[in-house]
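Asks: TrEMBL lists these features:
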- 315-349: region 'Disordered' (REGION)
- 6-28: transmembrane segment (TRANSMEM)
- 53-75: transmembrane segment (TRANSMEM)
- 81-100: transmembrane segment (TRANSMEM)
- 107-126: transmembrane segment (TRANSMEM)
- 146-167: transmembrane segment (TRANSMEM)
- 174-198: transmembrane segment (TRANSMEM)
- 213-231: transmembrane segment (TRANSMEM)
- 243-263: transmembrane segment (TRANSMEM)
- 275-295: transmembrane segment (TRANSMEM)
Amino acid sequence: PVAMGTGFGAGLGLALASSAFIGGSFVLKKKGLLRLCGRARAGQGGHAYLREWLWWAGLLCMGVGEAANFAAYAFAPATLVTPLGALSVLVSAVLSSIFLNEQLNVHGKIGCILSILGSTVMVIHAPQEEEVSSLESMAEKLKDPGFIVFAVCVLVSSLLLIFVAGPRYGQSNVLVYVLVCSAIGSLSVSCVKGLGIALKELFSGKPVLKEPLGWVLLVCLVICISIQINYLNKALDIFNTSVVTPIYYVLFTTAVMMCSAILFKEWQHMVLDNIIGSISGFLTIVSGIFLLHAFRDMPFTPSLLPLFLQPGRADPHPPWSSADRHQSCQHQPLLPSEDKGSQSAEEEE
């Protein structure tokens, strides 16, 4: 049970503030990218957005949101903080419809809801990560063959997406650049956890600054974040924010959970209900992404609804009309259908 104290309230507030800042950061970045009239856009490999204050404001909001999210884990349990991160998707979608005039149809809204529900179910049934309390134990985790294979696969797939798939499909398929951000982001989260351990040891008085692992993690984190920012800007410049944000959230969360499961051996002691819950949550996320991505350009008008749900439209065939109410069985014809046909033929003759 979670203790409902001051720490819990602080963690809940930090998690909500993190979602608001991160969701708003996508809109600010998109607004700054749209102001690049006549200059090299991020989608064509330009970096003119670095001279837009709105883009820097979005980056600052994202930094504040990530810092608040990191601090929330110190006060509230992860099963509360992590699902609340999905609220940034809703914040981004609502702000995009207000400030960017981006329309999100019914299919997209249902896809967002399914993605959030699936992510929440996966987090609820996710196993607890193995405790890592020092840089020495973190170094042993990083040397694990499973994590090395995972890191190599991430790097190779990212290079293929950047240099092979990017020039061909980057302008038409939203998954190309978002997959690069998500894959590299899984490694950046591992670096953040390692640096968090280093900061704890530094505050406890240990000579962490002399350890080379901490500096290696810091350099890797800077490189990963730079790659994420670059390709996330390209995705935001080409596609709608309401499409990029949910897809990025789902793929990024999935990649991080896979990386954490391999690095911290989270799936070794899972029970059956957690396995079923994780699979169900993942399938729900896939369904939401399909609805959001496959039907994003399909207009949904009231004319597509059934007649009894359309506003201002009455049922053309009511089951109990006024004519039926005044008509009795005495007015019904007594002749069968064959006699009626023969009678009409005689009248014609």
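Glycine too: its Cβ is placed from the backbone N, Cα and C atoms.
Whatever TrEMBL says is automated annotation, not expert-curated.
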Asks: Below 8 Å between Cβ atoms, which of the listed ranges 81-100, 107-126, 146-167, 243-263, 275-295 makes the most pairs with the transmembrane segment (174-198)?
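Replies: It is 243-263 that shares the most Cβ pairs under 8 Å with the transmembrane segment (174-198).
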Asks: What residues in the same chain, six or more past the boundaries of the transmembrane segment (275-295), come closer than 8 Å to it by Cβ-Cβ distance?
Replies: 105, 107-108, 110-126, 174, 243, 246-247, 250, 254
